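This report refers to the structure that appears directly beneath it.
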Amino acid sequence: MLDGGDEDRSSCSTESSAGSGASSPEDSEEEEPQLAPPTSVSPGLTVIKTNGQVYTYPDGKAGMATCEMCGMIGVRDAFYSKTKRFCSVSCSRSYSSNSKKASILARLQGKPPTKKAKVLQKQPLMTKLAAYAQHQASQQSSTKKNLSVEAFDWGRYLGDGDVAGAPVSCFKHVPMGKSWGDISEGVRVEVPNTDCSLPIKVYWIAGVIKLAGFKALLRYEGFDGDSARDFWLNLCIPDIHPVGWCAAGGKPLVPPQTILHRFTNWKSFLIKRLTGSKTLPPDFTLKVQESMQFPFKKQMRVEVVDKTHLCRTRVALVEQVIGGRLRLVYEECEDGTDDFWCHMYSPLIHSIGWSRSIGHRFKRSDVSKKMDGQMDAPGQLFAKVREVDQTGSWFQDGMKLEAIDPLNLSAICVATVRKVLADGYLMIGIDGSEAADGSDWFCYHSTSPSIFPAGFCEINRIELTPPRGYVNLPFRWFDYLKETRSVAAPVQLFNKDVPNHGFRPGMKLEAVDLMEPRLVCVATVTRVIHRLLRIHFDGWEDEYDQWVDCESPDLYPVGWCQLTGYQLQPPAVGTGCRDLQGAASKQRKKSQQYKGQKKNVLQMFLRYSSDVLQIFLRCSSDVSQRFLSCSSGWSHPDSKPLSICQRGSCPSLSDQSACLAPW
């Protein structure tokens with residue numbers, strides 16, 4: 001969940017700032033959204049209403065839950081992860097990392113929970129979760145200041161190169177991302193010679209044996225097949241130079257002491273060895289420095305999604321820029337604690353006035369005018385979206401689709417178009433878990449790679465999360481559309497482009513934990529489905545995995561944090577953690593920020609009632625009995641177009657003739 005501070009969340013404010021240059025009051029005022037009829041559920045289900053938010057459950061007794069970390073009591077189905085043991089991602093990770101022993105000790109001593117449970121009716125659940133998440137984040141921040149955590153060493157983690165890292169060319173938004181084509185295995189460079197007893201700094205030539213992001217496994221010339229002295233270095237650090245740099249600058253080239261005895265004429269050896277070889281471009285260092293310049297500056301004003309109400313935006317100020325990542329502080333925050341991290345190319349930030357121009361909700365600020373030194377960020381600095389033609393066949397309110405849940409990025413869910421905005425933008429709601437006031441609707445562009453046509457998950461063998469409380473399992477789109485009297489969004493309206501991104505399963509990288517976007521973590525690509533990537537955070541359970549687009553600005557190559565100075569979160573390493581492809585066994589013992597045990601998934605589910613377990617097992621039934629079990633399916637591009645279910649026993653999917661073959 002997105003953490004945030006306490007504030008009134010009873011409704012999604014539609015006011016605008018009088019002096020922000022974003023919207024005028026008359027532009028931002030709008031009627032409350034007309035919600036589509038609730039999901040078809042069994043009349044025997046228990047319905048729980050919490051300050052306008054409606055939830056349904058298969059079993060009324062299973063409707064409430066207590067957070068095992070903080071003791072907060074709330075709606076069970078709104079708790080984090082599949083196990084529903086914690087009220088937020090912060091509680092879950094804190095419990096796994098360092099709070100388990102303390103919690104048990106407190107119980108043995110008869111102490112109350114670390115935070116008293118609040119009365120559910122007095123405050124919306126999202127408010128409590130956001131408040132506790134902010135409290136937890138501040139606690140972790142204060143703890144970090146008192147601890148000296150050893151920097152994570154990618155070299156030890158990658159070992160001898162058996163673990164692959166995603167190439168820099170996969171990340172067009174990072175420094176050198178578009179200029180990495182000349183870097184390959186076999187390139188020679190001049191680097192400091194650490195195998196030398198001389199009192200001055202000397203250099204020697206090394207060859208690139210393996211590449212992993214910005215990191216290169218190097219071997220000094222003269223060692224030939226001996227890998228004993230191989231070492232990892234970031235190719236973009238100032239100490240790496242093209243061959244010839246020492247000669248031009250009068251720097252000494254000295255062979256490593258270990259192999260000094262192998263040759264008597266090292267000059268002849270180098271001439272023979274380097275003839276015909278490649279080295280770095282002469283302006284490589286200059287290109288690195290230029291690519292590290294970012295256009296966003298401190299005190300620039302932007303519009304960014306409100307982390308406490310996803311359906312609206314707020315004005316925020318750029319407080320910090322690190323490697324293209326922005327720390328934004330919401331305009332009304334005086335102490336700078338109400339912040340939000342994102343990349344400068346993130347679809348979550350926009351120029352001042354964007355909300356007004358497309359009809360998006362916007363929270364008015366009490367700040368009447370810009371302070372000295374503040375300026376609106378120029379529009380050309382923001383990521384551009386593709387222009388679309390909204391005439392003719394286009395998205396309509398109430399159409400069904402599949403979408404990545406912005407509050408649970410490990411899940412692709414059944415969703416509904418709730419409102420069509422200008423310039424191709426859509427407000428999307430997750431079926432079965434929407435707040436009554438629409439405060440958890442999320443804005444996606446129609447070309448967003450995070451929304452998919454009905455049937456996408458079935459065809460690509462991805463688990464589709466059905467609406468909460470939906471009992472007709474296994475979920476079938478045809479049955480659901482008939483029950484809800486709705487239609488699916490036409491397939492041809494979705495983005496089918498699949499770039500040649502270069503990602504492969506098993507590749508290592510550095511990825512933002514989008515549930516806590518200030519964190520960049522060691523991660524692995526576990527699945528590649530066209531342009532969609534499944535990102536696993538090393539050392540953590542699979543329930544924390546996230547679906548991310550291949551062109552997401554929240555993915556970075558190995559070594560990005562070292563290059564930019566951003567703090568990298570190391571993997572959670574402890575007893576029972578998953579085997580990280582053998583790489584973890586090659587590491588020397590080091591201090592970690594997180595320590596957690598991998599729980600057995602089956603044991604988790606057995607803790608709950610047999611009814612819940614049966615529902616889970618029904619959801620996991622053979623996919624062949626789902627979407628493709630209907631009498632008709634999607635047509636192949638070369639065959640005669642088929643409409644869905646000609647017999648009339650299933651509802652039509654809006655007269656679709658396009659197919660899902662591109663996915």
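Using the three backbone atoms N, Cα and C, a Cβ is placed for every residue, glycine included.
What TrEMBL lists as compositional bias 'Low complexity' is 11-25. Positions annotated as domain 'FCS-type' by TrEMBL: 58-93. The region 'Disordered' annotation in TrEMBL covers 1-45. What TrEMBL lists as repeat 'MBT' is 152-256, 264-350, 352-467, 475-571.
Scored by C-beta pairs under 8 angstroms, the repeat 'MBT' (475-571) has its highest count with 152-256, from the stretches 152-256, 264-350, 352-467.
Helix first, then strand, then coil: DSSP counts for the repeat 'MBT' (475-571) stand at 19 helix, 30 strand, 48 coil. Across the repeat 'MBT' (352-467), mean pLDDT in this model comes to 91.
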